[in-house]
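Structure first, then comments.
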There are 2 protein chains.
Amino acid sequence: MSVSKCTRLSGALVKELLDSVDSVLFDCDGVIWRGDQAVPGAPQVINLLKEHGKKVFFVTNNSSKTRKMYADKMSKLGFNVNEEEVFGTAYCLAMYLRTVCKLQGKVYLIGGNAMRQELEAVGIQQTGVGPDHISGSQADWANVSLDPEVKAVVVGFDEHFSYMKLNRALQYLTQQGCLFVGTNRDTRLPLEGGKAVPGTGCLLQAVETAAQHQAQTVGKPNHFMYDCVASQYGVERDRCLMVGDRLDTDILLGSNCGLKTLLTLTGVSTVADAEAHQKSGCPERQGMVPDYYVESIADLLPALQG
Amino acid sequence: MSVSKCTRLSGALVKELLDSVDSVLFDCDGVIWRGDQAVPGAPQVINLLKEHGKKVFFVTNNSSKTRKMYADKMSKLGFNVNEEEVFGTAYCLAMYLRTVCKLQGKVYLIGGNAMRQELEAVGIQQTGVGPDHISGSQADWANVSLDPEVKAVVVGFDEHFSYMKLNRALQYLTQQGCLFVGTNRDTRLPLEGGKAVPGTGCLLQAVETAAQHQAQTVGKPNHFMYDCVASQYGVERDRCLMVGDRLDTDILLGSNCGLKTLLTLTGVSTVADAEAHQKSGCPERQGMVPDYYVESIADLLPALQG
């Protein structure tokens, strides 16, 4: 097998790579679907991989859906998936608080209903979901009523993010021992047609600036999402492939965890981006160079059908 | 006069320093007042400085008041001040857009009524003040209606800051040639009793993260506020003293502009903070070491009364 990085994956190399792995981790948006449309050929690829005995998992930084919501969406699009194969940041953050932090107490949640549901599924209560508009003066804001049981501030995607939520997070975070955890640092959510809306990274940055310290994040490129999959399914690093469309999250996660990496060009990053990292000579950027790239994961189909 | 830095200002040195300057710039909160109370002795100091023929100016990063609102507050607290002596970031930002950017067009304003008034006073129209709650889906947010006359996004303090405002700012900033200006980067607004609420720096950081580039800021430590004063009043740098309670804004502004600097201990920073900068050996931190410090600006009184 080729040892140079950022190799176009085609011909006999596809089968060679697939034979070398038992597990495949896929990012979702920009990889298996775009918006509400499956990437053409993607359902067949996923379903055939499973038929060939591969373990397939889905790792996504998007915190606005539960595992079940993802599995339902995938089924509708033709993917043969069950919710235990889905690792979104809403679920993974709940697991992180439960298994790593061993949180005793409630969460002040900047996030939505999916995060609330995943927290509740592991027995963690929250406060904060929904609108929180401003009233009163600065002195009122600084003395806003706080829930004494809250022991962690959690930041995920929240379309109701407001100054009052930012303020409430600050007041909790100035209390001794309050944990501070975020789902992910993606700065934008890309949409079809080149448009984008602000991502969780913007909200997290605002809270971090107020708190004057950084949150721990569980999303890609942090290794926790891989750990979550590996601990539940006994995945071997050197027989695992990470497939994604973003160099700074998906491919870097793969590098951070010692996985093989495959960039697909149906999403955010380009081959030119990868080559720029490769030529930079900067060790930190080398982790964002994938082993292989494809135009689309549909390029895996011939090897699976042959 | 002493050449070592961070010297306690007392005795004959006070008169020596005051004789060496014609103009004195004061920060407000933590220097001449705290919250709604004048620092004891501060009104007499300001009024006597003016009686002794010194030009006195007030430079504040707080964007939530107009020049007139500041002058009214000062008058009530016993300061003999007129609004032309006040340089807040609401006013200075309007001047910056008018005189430096020569803005032709409207502003999308993340900010309050004071900023709106100062913009309108220099003939700049705005849109955006007040609540802006979320509705619809991501596709709606990305296609939110924009005012075609907007040519700049401006970020100041805004208690109605929301995800929708962040999103609207991003949509404007992805348009070619849109200016991006912030009042200041203060991360927190300190209140009495050691409490604080999130400052404009948090909001600006969120918008910068979404926009993926930095705003130009007009507030301290940027030299623009000094330039504003100097151009209107013919101030000479080497005969000007900057008095403030924060090393990272007030004292650094003074250093950046070649002014003499005086730290007063009635606010945020301490002598230990200043000494830590001095001992750091880091050139960037040397600019945050004041020439002198006093417990309170009331320590200037004996020299003025003598």
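For all residues, glycine too, the Cβ spot is worked out from N, Cα and C.
Under DSSP, A:Asp27 (active site, proton donor) is assigned to coil, being neither helix nor strand in the three-state scheme. Positions annotated as active site, proton donor by TrEMBL: A:Asp27 (among others).
Annotation comment: TrEMBL describes A:Asp29 (among others) as active site, proton donor. Counting only same-chain residues at least 6 apart in sequence, those with a Cβ under 8 Å from the Cβ of A:Asp29 (active site, proton donor) are A:Gly35, A:Thr60, A:Asn62, A:Pro190, A:Asp245, A:Gly267.
Per TrEMBL, Mg(2+) binding site is recorded for A:Asp27, A:Asp29, A:Asp245.
Look at TrEMBL and you will find A:Lys220 tagged as substrate binding site. A:Lys220 (substrate binding site) falls within neither a helix nor a strand when secondary structure is assigned with DSSP, and so counts as coil.
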### Task
Have a look around A:Asp245 (Mg(2+) binding site) and count the other CB atoms within 10 A of its CB, chains all included.
25
### Summary
One residue among the recorded positions A:Asp27, A:Lys220 has the fewest other C-beta atoms within 10 A of its C-beta, namely A:Asp27
### Query
Rounded to the nearest angstrom, how far is the Cα of A:Asp27 (active site, proton donor) from the Cα of A:Lys220 (substrate binding site)?
10
### Summary
Note on Mg(2+): the CB centroid of A:Asp27, A:Asp29, A:Asp245 has further same-chain residues inside 8 Å, namely A:Cys28, A:Gly30, A:Val31, A:Ile32, A:Thr60, A:Gly244, A:Arg246, A:Asp250, A:Thr264, A:Gly267, A:Val268
